[in-house]
Structures are given as C-alpha cells and as structure tokens.
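Engineer: One structure coming up, written as structure tokens, with questions to follow.
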Amino acid sequence: MQRWFYSTNHKDIGTLYFIFGAWAGMVGTSLSMLIRAELGQPGSLIGDEQVYNVIVTAHAFIMIFFMVMPILIGGFGNWLVPIMLGAPDMAFPRLNNLSFWMLPPSLTLLLASSMVESGAGTGWTVYPPLSSAIAHAGPSVDLAIFSLHLAGVSSILGAVNFITTIINMRPQSMSIDRMPLFVWAVGITAVLLLLSLPVLAGAITMLLTDRNLNTSFFDPAGGGDPILYQHLFWFFGHPEVYILILPGFGMVSHIISQESGKKEAFGTLGMIYAMLAIGILGFVVWAHHMFTVGMDVDTRAYFTAATMIIAIPTGIKIFSWIGTLHGTRLTMTPSMLWALGFVFLFTVGGLTGVVLSNSSIDIVLHDTYYVVAHFHYVLSMGAVFAIMAGFVHWFPLMTGLSMNQFLLKVHFFIMFLGVNLTFFPQHFLGLAGMPRRYADYPDTYASWNVISSLGSVMSMIATLMFIFCIWEAMIAKRINIFSLNLSSSVEWNHPHPPADHSYEEITMISTF
C-alpha cells in the first residue's frame, strides 16, 4: 500500500501509469467497438443520436488523455528518461506521484459526465454553441471541463518535472546534443505541453463561465465570437497531436537502431533538429483545422503552406529511420515488426495529411471520414504502434521476463490487418462524402462500413490476444539470462529488472 500510494520511485510511478493507461485503453476500445457496431449497417442500433455522440466524445478523450499520454509520457517517460540520463530519479519525485494521482479522479469526472443527464455529446472539440448552456443543459459538459482541467494540471506538472530533470540531472559529460533521442523527444513534448495546455485551460474556463456565470465570450448575442473558441482550442489541439506522436518518434528511433545492430540512429543531430522543427511549426498551423469557417484567402494560403512545411522535418525522420535500417540483415523480431509497421503506416497517415493541408481540397473533405481515416492512421497506427513496439521491446528490461515471440508475431499480424481493414476504407467513404459524427448513413455507404466494422472486430481480438501474451509471460516466468541485442543505450546495462535505485552514485559517462 505504502509502496504504490505514496511512491516516489520513478519506476513504480511509471508502472502505475502503464496499468492506468491499459485500463483506460480497454474502456476506450470498448467505446470504439460500440461506434463500429452502430455503423456496421445502415439504420439505428443505439436509437439515440445524443448517446452516439456521447460515446464518440468519451472515446476520443479517453484514448488521448487517459491512454496515449499516460502510457507514452507517464509510463515510458518515467521509466526510461532517468535511466537513460543516468539520474537517480526524477527531479521532483513527489510531484511525479501527484501528477499520476490526478488522473484517476479526472477519468472519474469524465465517466460521470457521460452518466448524468444526457451526457456531453459535443465531440472532443467541445465547440460552442453546441456546448453552450442552451444546447447542452445540465452538468455534463461542466464535468467534462473539470475533467480536462485535472488532466491538464497533471500534464503540466509532469512536463515541469521532465524539463527540470532533463536540464539539471544529466551527467557532466553528457552534453545536450549527446542525450538519447527518446530523452530529446520527451523533453520537446514537455515543452509543447507547457506552452499549449494553459491556452486550452483558458478556453474551457471561458466556456465554463459562459455556461454558468452569464458571460458571453463565445455568444454573439453578447458580443462574443464562437470562432474565438476554435482558435484557442486548436492552438492547443494541434500541438497536442504532436505531443501524442513525438515520444513515439523517440522510441522508434531507439528500437530501430538497436534492432538494426547500429550504435546510433542515422543522422542523430538531424533527428533532433527535425523534432525541434516539428515542435515549433506545430504552434503556427492551428487554423488548418478551421479552413471552413470563412478565413481570408491569404490566411488560408499561409496555413496551407505552413502545414506542408511540417512534412519536411517529418520526412527527414522517416528517411533517417530507413537510413538506419540500410545495410542490415533484418531480423523480424516483434519489436522490429512494430517499428517497421509504425514507419510505413505513419507515412501513409502523413501523406493523407498533406492532401488535407490544401485548403481548397479540405473545404470538401472537412468533417468527412477522410479526416477520420487520416488521424486514425497517425494515432491508431502511429501512437499505438509505437506503444506496442516500446512495450514488447522494453518489457524484458522492466520485468526481467521474456514474452512468447511467436504469439507476439501472430498478434502483430492480426492487429496490422485489423487496423488497416478498419481505417483504409474510411478514405473511400470520405471521398464519397460520408460525414463524421453521424450515427446513421445512406445505404450507399454500407459496403465500406461493413468492412470497416469487421476490421474493428479483428483489432479487438488482437487486443485480447495481447492481454493473453502478457498473462502468459507473467505465468511462464521465462527469466532473461542475457539481453537479445548488444546494448544501444545505457538502460540495457542494468539488471533485468533494474534495481529500485538504479544509480547508487553519480554516473560518469566517458564516451558513447
């Protein structure tokens, strides 16, 4: 009890984040299955469009704030950053504990918002006037706002902790450009969180006062403007999607360089600059989510151009990963499969992103399933594949146990087929004009929706199989005798699992 509730150990807190993220991920997956069941055939299954929208909203919030962020930043970040830096722990261990323990109440508030009155059926963007007191009477949206506040404070505190750790707790000889790529990725992610979340907090606080205190920030009747909310929200929302993917970039860099038998990734400095560029550019492209609100043509031209420029540093990363793989004998280990799947599918998602960055095309494709397909390719096959890659790669280090390699490979192929079958047809639906966030659709769209829903069942089966893989590893207790690879990074020089206090004295790194 003492160990888990009052923990100040970065490994224990990281493990808590993993367990919480896995639990939330199962809730989020269940919600996505409800969505695909509703859309599996024309006509109504749930029977109430408000309930459908509540499910969609909760699915998005849970997957983003309670699955991807806790696992990538909280789980892998806590576990690996101090060990990779040679630091005894995080800079603020008790703050670290507080950051975690704000998430369960936050999730509770979000689930409560779905269960009172008619729920928050606003979509994850929570746009007014739909989220106003008139269209959404009752406490649902207010509870969702408080949930976001808590999750946001948790992330900001975590970000401060990571930034301080990375700046202050490096060994003397580790200059900033020699830090491991994953540490860089988490550091940039933390800066993005620190700069973007306060803007979201401001926006939803104004929405809260609009709903309850009779202000009119977003109500035209009182001189407000709903477009202001969209600008504030997307100024957070766009950096947020890079927050979700950057730690994945860092992990994939480590996995590919290690599994390729290279001592470092190709173009390490270029990789760092690319991540920095993505982080900076992520803040100046937010209005590409709003091409349909009636902006000037020159504004749209700027946001189109700026969005396309992000493709350049992203391309640098893709080609550097391919460069790292060059000349190696590819060993198809499970972690390598996930990393290769990540690179390929993230590239596909990035290409549809370049399509959508054209404002003229986006006006037609906005709010269709093409957009859904695009961001699920980069999230459901980018962030999630990175999580899976990192998990199967570092599981032996974190637990000291090895998983069944054959089962993991089978799981990868089922999952790969499942997610592609789910989301690839949605490109066609979007091009055919099927809009997002509707519980029903004309019969014309039936065939691709049936295939999409079949794919979601496959992914669900794959998820169950992965839970079995973890159970099997825990039960079989195949203890690691030695590492499968030569260590590409300092964390593999530790015992499996590492000691409670990884570094008893200050480390000295002479050379890499």
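Sequential numbering from 1, following the chain as shown.
Just so you know, glycine gets a Cβ as well, placed from its N, Cα and C.
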Engineer: Report the candidate from His238, His254, His326 that shares the Cu cation site with His288, His289, as recorded in Swiss-Prot.
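Structural biologist: My reading of Swiss-Prot gives His238 as the candidate in that site.
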Engineer: Report the member of His288, His366 (the binding-site residues) whose C-beta atom has the most other C-beta atoms within 10 angstroms.
Structural biologist: His288
Engineer: Can you name the residues of this chain that are 6 or more positions from Tyr242 (O2 binding site) yet have a C-beta less than 8 Å from its C-beta?
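Structural biologist: Same-chain residues close to Tyr242 (O2 binding site) (Cβ under 8 Å, separated by 6 or more) are Thr189, Leu192, Ile278, Gly279, Gly282.
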Engineer: Is the number of Cβ-Cβ pairs under 8 Å between the transmembrane segment (412-432) and the transmembrane segment (100-120) three or more, considering only pairs separated by 6 or more positions?
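Structural biologist: Not in contact, no.
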Engineer: What count of other C-beta atoms do you get within 10 angstroms of the C-beta of Asp367 (Mg(2+) binding site), across all chains shown?
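Structural biologist: Asp367 (Mg(2+) binding site) is surrounded by 15 other Cβ atoms within 10 Å.
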Engineer: Using a Cβ cut-off of under 8 Å, list the residues of the same chain at least 6 residues beyond the transmembrane segment (378-398) that approach it.
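Structural biologist: That would be 11, 15, 63, 68, 71-72, 76, 79-80, 241, 244-245, 247-249, 251-252, 254-255, 258, 334-335, 338-339, 341-342, 345-346, 348-350, 353, 408, 412, 415, 419-420, 422-423, 466, 473, 480, 483-484, 491-492, 494, 496-498.
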Engineer: Centre the Cβ atoms of His238, His288, His289, go out 8 Å, and tell me which other residues of that chain have a Cβ in range of the Cu cation site.
Structural biologist: Trp234, Gly237, Val285, Trp286, Ala287, Met290, Phe303, Thr307
Engineer: His288 (Cu cation binding site): which of the binding-site residues Glu38, Gly43, His366, Asp367, His374 is the nearest Cα neighbour?
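Structural biologist: Comparing Cα positions, the candidate nearest His288 (Cu cation binding site) turns out to be His366.
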